[in-house]
Structures are given as structure tokens and as C-alpha cells.
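Everything on this sheet refers to the single structure shown next.
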Amino acid sequence: MLAEESPQLLRQQYSAESLEEVFLKLAVLQNMGKRRRSSIAKEVIDNVTVPAISNPALDLSDEQDNAEISGEFGDNISMTSAIPDPIPTAAVSALPVPPEEDVSVSFCNNQFMSSHHLHAIIWKNFLWMLRNKGSMLFVVGLPILQTFLFCYAIGHDPTGLKLAVANYEMNEEMISKQYCPSIAGCNQTQLSCRYLDMLVRNRSMVMIFTHTDDEATDLVRQGKAWGTLTIANNFTESLTNRIESGRYVDDGTLDASELKLRLDMSDQQIATLLFRDLVDTYYSFVDHQLSDCDINPGIARIPVIYQEPIYGAIIPSFNDFVAPGVILTIIFFLSVAITTGAMLLERNEGMLERSLVAGITGPEILFSLLVTQFTVMFSQCVFALLVVFYFFNTTLMGSIWSVLTMCILSGLCGMSYGFVISCAVDTDRTATYVAMGSFLPNVMLCGIIWPVEGMYPLLRIISKIMPLTKPVESLRSILQRGWGLSEPTVYYGFITITTWAIVFMFLSILLLKFKKG
């Protein structure tokens, strides 16, 4: 096809044993006399002896003779002009490679960035997105679905917790009917039932009344309840005497007026919340009882006044603590996924090599993917924030624009990290392993699900340099404290995420330029 001759004739004319050797000599003839900015093929060219044959198919002597061959990105040699020099009629050896020329590189010239190249490859990427509407809808809708799942599943107090109660103030009929009557007003009639009624109404607990505390303990051992509560048969009388007698109350009265609680601590979160509800309800129960009898409720309180908090709500929500980390993690790793997939698609289908041969540079390819994937990432950020703040009313004390900026920077950092993965590995499977392997360390070490202050000291040092640790702290301060960019905790997060994005993008360019194959 190149020389327009039969295979046997070509082997005879070029004294070659195979068509591969013929092709090599034809390539040397075609490029003979060109100025080269890369000396990678010099050793090969010097060892090839070219026969004295003038091939009409290769003779383009009437064209310009100032063609140039440039080496871009390792061994990929792209021709800035496909016009060869005339082939001499006498047998000659390959000319020596001329010295390299110093070419000034700027952002606007053809050696680094070309507006025509960028327009073409950006349009190509957008066309792919338009022709794969299903995939793009899934990519844009995935963070919305994940945000819905997070807001519905995480951070809410558990309800319907079962508590086995051995209330010795109840008779056999009450236990059999599983009913403990509560009488309002200033009276001393079965105060235990009044307390338990407040637990059911205010904390949505489920009471299982038993005859003895041993029977209640068996229910916990069988996994049918989360704890046991034992109430003495003279609880009402003892509690009244305890309040009225004060410092003169005897030990037996103190013991009978106390609630005996045993919990299943295998689930720390549920046990902690259950204990909190039992204690808070007891304080409310005593306050209501004393208020109904025109007695100052303060005499029964502990001497610690829990005033309005400086930041946050008086009843903290785990959702508010986790939300900043979850938002940034979703945006970061979805950006990793979409950019890794886009870059590997370019490589596996051969579009990357064809683009490089056509003269497209590595920065142009990365910038085009950055532009097209940024539109997808930006839509993911907007929809995720709409769901979190306007659908679920998550706490937002600061500026929504600061939150949006932090999310966009997190997405850009994730995209840059995705470029690094796709340039460093060769297959989709390896890229998936790398992305999944870096997910859990980021979640565990960046203070997303547990405070950094609770980590091992060595891990705390490593955590400070992770990409999402400072941004999570920054976003948490914006949401919960209402801080702005003037606070160090806030702007440190912006500086950290921007620095990591630049580092990842620089590594991507280096890998694309120097990685073989």
C-alpha cells in the first residue's frame, strides 16, 4: 500500500527478507533529510542502509522541503508535516540528526495549547456525552440517590427500642395486660408509671413488663430487649421521702428511690442514646412532678446548669457532624470515577494515540477532559446541595457560596486524582482496585465518621496531610459555626484542597508525557 508494488518485487528491490524490513527502509527514505526535535530513532536510522531506488510513490519533490518531525510524549513520534523530501537516485546513508532547536513554549502557541485543537476535542467529548444520555443521567443522578440514602439512613435517633421493665409497683393484672396507668397532677400514686409513660410518649420506647428482674435479664440475653429497668415496690414513697427529707434521708430510702438500669452495650451507639433518653426523661419527670405540686424544680436537679451552646444545637445531631464529610466524599470519589473512566476509554479505544499522532498534546487532552467533566461534576454538586439543604433542611449557618466553592474544589481534586489513576494504570480493573483501595483510608483518616482527636498520634499526623481532612473541618465550621474565609480553619481547607488538585494535575501531565505505552 505504501510503495504500490507486489510483496515479492519489494523484497527484491530493497534486498529484504521480510515486508517489515521493507517498511523500515521505506520509512527511512520518506523521512530522510527532515529536521528532528527528537533523537530517539537515531540509532535505528544510522543502522539502515538505503538502496539506490527512486520510488515514484514516495517522490514528492515538488512539495516543500522544510518538513519537521517532532517527538512528543516518549516514543510517540508525530509529524508536523507529512511531506517527504525527494529520494535520491544514488545509494546514501541516513543523514545525521541535526542539533535540537530551542523552541519557545507559551500557553497560546501550537506547541502547548491550540484553540483549534481544544475546540475539536472538547466538541468530541461533548458529542460522546450527548450520544450516551443513559450513562450521563446515571452519573448525574447517582449523587442525588446517594445523598437521599445518607439523609434518610444516617444521623437519626433510633426509635422503637425495647426495654424490659421489672416494675414491682405493678400488680399481676397490669403485667398481664402490659399496661401501667399514669395519673397526672400533684399526687403520689405510682410515680413509676408516670415516668414510664413519658418514656413511651416522648422517646418512642417500647416497654415489656416482666414479673422479676431475672425474667427481664433473660429477654436481653435472648436479644428481645436492649436493657432492663428494675423499680422497687416502694419507689413512689421512697422518692417522695427523698425529696422532702433531703440530707436526713436514710440509705434504704435512697436505694429504693433509684432506678436500676442494665444495658446491652454490644451496640455502643444504641446503648449511649438509650441511656441519654432515660436520664433526660427522668429530669423532665421530676421537674413536672415538682412543678405540679408548686415546688421549685431546682432542688432536685444536679448543680450543673447546661446553658445554650455557643455553636450547634443543645441536642446535637450526628447527621450534622457527618454531613460535611459525606458531601465532600461523594463528590470527590464520583469525580474520580467519571474522569478515570473517560481517560481509560480514550486509551483503550485508541483515541489517545490517534490524538497524539495528529499533533494533540497531553495538556490539551487533559484540559479538554477537564472542561467536559467539570460540567458533569458541577451539576452533581448543585443537585447534591439542593437535596441536603433545601429538601432535608440540614444546618447551614454560613454562606452557601462558600459551601459550593468547597464542593467544586473537591470535585476538581477528585478529577485530578482520577487522571493520575488512569494515566498510571492500564486496565479498568486495576483502576477500580486503586480507587476502592483509596476510598476507605480517606473515610477513616479524614475525620469524616470520627473526630481526628480520637486517633492514634501517628495517624493524626498522617491525617493532617490527607486531601479531605482540612476541607472537612473547613466545611464543618462553615455549616455549624457560620465562619467565613477570614478564619484560619476555613481558609486552610481551601488551600489544602487546591494544592492537592494542582499536585495531582501535574502528576497526570508527567505520567502522560513519560509513561511508556
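Placement of Cβ uses the backbone N, Cα and C atoms for every residue, glycine included.
Residues or ranges marked as domain 'ABC transmembrane type-2' in TrEMBL: 267-515.
The list of residues near the transmembrane segment (321-345) in space but at least 6 beyond its ends in sequence, with Cβ under 8 angstroms from a Cβ of it, reads 125, 139, 142-143, 146-147, 150, 154-155, 351, 369, 372-373, 376-377, 380-381, 384-385, 388, 394, 406-407, 410-419, 421-423, 427-428, 431, 435, 439, 442-443, 446-449, 467-468, 471-472, 475-476, 479. Positions annotated as transmembrane segment by TrEMBL: 321-345 (among others).
If you look up TrEMBL, you'll see 366-392 (among others) marked as transmembrane segment.
Residues or ranges marked as transmembrane segment by TrEMBL: 398-420 (among others). Among residues of the same chain six or more beyond the transmembrane segment (398-420), those with a C-beta under 8 A of the stretch's C-beta atoms are 327-328, 331-340, 343, 366, 369-370, 373-374, 377-378, 380-382, 384-385, 389, 435, 438, 467-468, 471, 474-475, 477-479, 481-485, 490, 493-494, 497-498, 500-505, 507-508, 511.
According to TrEMBL, the feature transmembrane segment maps to 432-450 (among others).
Residues or ranges marked as transmembrane segment in TrEMBL: 490-512 (among others).
Sequence-distant contacts of the transmembrane segment (432-450) (same chain, at least 6 residues past either end, Cβ-Cβ under 8 Å): 322, 325-326, 329, 332-333, 336-337, 340, 417-418, 421, 424-425, 459, 462-463, 466-469, 472-473.
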